[in-house]
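Listed features, source TrEMBL:
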{"type": "TRANSMEM", "residues": "B:58-76", "note": "transmembrane segment"}
{"type": "TRANSMEM", "residues": "B:82-106", "note": "transmembrane segment"}
{"type": "TRANSMEM", "residues": "B:126-151", "note": "transmembrane segment"}
{"type": "TRANSMEM", "residues": "B:157-184", "note": "transmembrane segment"}
{"type": "TRANSMEM", "residues": "B:196-215", "note": "transmembrane segment"}
{"type": "TRANSMEM", "residues": "B:259-277", "note": "transmembrane segment"}
{"type": "TRANSMEM", "residues": "B:345-361", "note": "transmembrane segment"}
{"type": "TRANSMEM", "residues": "B:381-400", "note": "transmembrane segment"}
{"type": "TRANSMEM", "residues": "B:428-447", "note": "transmembrane segment"}
{"type": "TRANSMEM", "residues": "B:453-472", "note": "transmembrane segment"}
{"type": "TRANSMEM", "residues": "B:493-513", "note": "transmembrane segment"}
{"type": "TRANSMEM", "residues": "B:519-540", "note": "transmembrane segment"}
Amino acid sequence: MKQTSIHIRGLRKSFGKGADAKEVLKGIDLSIESGQIIGYIGPNGAGKSTTVKILCGILTSFEGDIEVMGIPLRNNAIEVKRKIGYVPENGALYEALTPAEYLNLVGTLFDMSSSLIGERTDSLLKYFEMSQHANQRMDTFSKGMKQKILIIAGLINNPDILFLDEPLSGLDANSVILVKDMLTRLAKQGKTIFYSSHLMDVVEKISDRIILIDNGQVIADGTFEELQQDSKASLEQVFAKLTGGEERVGESGILDEVFKN
Amino acid sequence: MTVIQRILSAPLNIFLSLLGVNERHFKVLLAAKLKMDFRRPPNSFQSAGKKQTLIKQLFIYAFLGAIMLLSLYRIPDLMLQLSVFYAFLIVFAGTIMLTEFTSVLFDESENHVLLPRPVSSRTLLIVRLIHVLIYIGNITLSLSLPFSIYLAINYGFIALAFLLGVFLCAWFIMLLVVGIYMSLSRLVSASRFKDVLNYLQIGLAIIIMASYQLVPNFIEDANMEQLTFTHAWWTQLVPSVWFAGFVRFLSGMGEGNDVVLFLITIGVTILESVILVRTLSSGFNAIIAESGAGTVTKKKEVIKVNAKQPWLEKVIDLLCVSSVEKMGWAFTMSHIKSDRKLKQQLYPMFAYSIIMVIVFLKPQVNNFGAYMAELGQSSKYLMFFLAGFFGTIGISIIPYTDTPKAAWIYEVASTNKKYHMQSGAIKAVLFTFFLPLYVLYLVPIIWIWGVSVLPHIILGASLSAALAILLVKLQKQPLPFSQAREMVNKGEYTLKMLLGMAMVGVIIGLVYLVSLAHIGLSIGLCVMMPFIIVLCYRLIRSQKVAIRV
């Protein structure tokens, strides 16, 4: 029997207070098994990043109960953080450092030995074809190169769960293939992959289970085939249907009006 | 690590373990931060590196310390000299902590790097505190250097104890300010904290500045050459006296009560550190996490932003010479309204301005009539120029932002009027902050001195505005919101403020001389001032060589 890696009950999160408060998550319940690749999708502002930030211990105030690898997140955030890796959407890096310096910093924060940090850094940089850039400052890197370093930093502690928030942003086609392959391999090793993205084709291909949220609530949860409901629709079409995107296409006439003069 | 390094780092290790800080995390984070502080951006075209910038700044602080020594030199009593100096240092370090380093402490830009990693609140807070201390320590040590040389020449070894006292004093005031911040965080939620921080900063600025006024007032009223320090029960409540006693005791020159002051200094500093880090630090990660999280625009703010102010639009149309200049005005004001770090630097300054007025006027409740009559005969209204100059301070912080990359717009904009953005920004600050401050001050000025001084006030205000505009040109200030906020630039803001105020001293002298002549001269000069200000703006706008952003 597979272990439950993430267990969420009644997760709610609001920003602001009183009359100005905005509820971003409105009661999310989820149970995710180890070794699964979860595609976490939803329109802009649906609450995807907020969910990921809460699960990674970045946001600490929320309502509800969360257990990560059997550890209650509330009051045990440090312990939970040791077991996870996080790949944020955009360059959350110390760009004035080199990849070697940055990865040493991240590894040290996970209390890894210097030799282990060195070994993993070398191997992962090699895997992502970044070895020759190990000692160059990252502020000279392209967006894709920075994204690779973010992915490596998310993996350096050999996490049980890897949270990825738009990880393919800025990567070239070869690197996308590399990351997709990597995610599949990691899942086979028993790691849970929590993959939040807008790129439907990637989510469709790699996910064992797709969770669609809209307006802070889970509106669909299942395998791609289950979400298709016997149709031959792509995930993009399923997504548009469930989130009202099909209706919005009709409003595109606005654009013609804007550029008429 | 060599044996010497181990010995040198031993006290730090003991200190860290006492505070319950993860030593390895602390060292790797601090090393990374310091490394980044001094790495020049790859596309930087600045002639001087960051180290040179810092050294230049520290040199100017040492010069200011030398000027301060001139007033300390007149006090014959060592204990009193030290007490006055430490009082100044407490105010100075407190001010710089409030205005320049508060935003560093609660910076959320590295949330995605640090918060998903297993770093404790305690470690993160102490890393940031020590990081800030390194800079505040550098500045306060530079400021103290001339006095320490004076002490070394006259008293020998005491200079070393004095410098150690300076370091402890900076640590003490830093922890006090941060302790108050963190205590506040216990009373309000993490998401609400960032909203109330500005008010607290202003409150603290008033308390720090007001408490300092006890010392110079006391000295001013007495014959300075004959002043001596006498121990009393209440002197043991004054922090600057603790540090003075600490220095005398440590250098072997201590008298009766100095051992108590020494113990108080050590005890308070340790207690403060332990309380802050072991008790109050627990919510630190939550504060920076929630500060960096999505914010909800308040409904009334939406209404405010959307509301058209026809009168203001007319004023902007009248004062701005081009559409780019108008854009510079609007762009600057929207930034100031939405950038919390900018507000954290700007708003405490208004508290200082108002406190300064109270200090100059020294209101006396007893015998109020005689006091007012005497004040009306004096030329103290000239001192309002100093208080009013705080209204121009915003100009020096306009270039700095957390998103300097967005300044690519200056590079691609199809206009040859880039510097109209600069002049528009200056006009916005002067109109929004400087002018209302003077209008506010006109009430007590006219009440006390009558309308006859109005030409002098207008002349002084106009000269101050012209000076503020010229300083932008002389200091080659970059375009608005085009530069990253760097640690090595911290201290520059306070420095500019001090240098600007020194120049306002010249304006005070000039207006005083003019006030001695016929009133017609003042009125004539006032008539000329708009032309001078227009010329100053032209100087700003006419810059042809783009400062690379």
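Any Cβ shown, glycine's included, is placed from N, Cα and C.
Contact check: the transmembrane segment (B:381-400) against the transmembrane segment (B:126-151) gives fewer than three Cβ pairs closer than 8 Å, residues 6 or more apart, which falls short of the contact criterion. Against the transmembrane segment (B:428-447), the recorded stretches B:196-215, B:345-361, B:453-472, B:493-513 differ in Cβ pairs under 8 Å, and the greatest number is found for B:453-472.
Three or more CB pairs closer than 8 A are found between the transmembrane segment (B:345-361) and the transmembrane segment (B:82-106), so contact between the two stretches is assigned (pairs 6 or more residues apart). Counting Cβ pairs under 8 Å to the transmembrane segment (B:157-184), the top-ranked stretch among B:82-106, B:126-151, B:196-215 is B:126-151.
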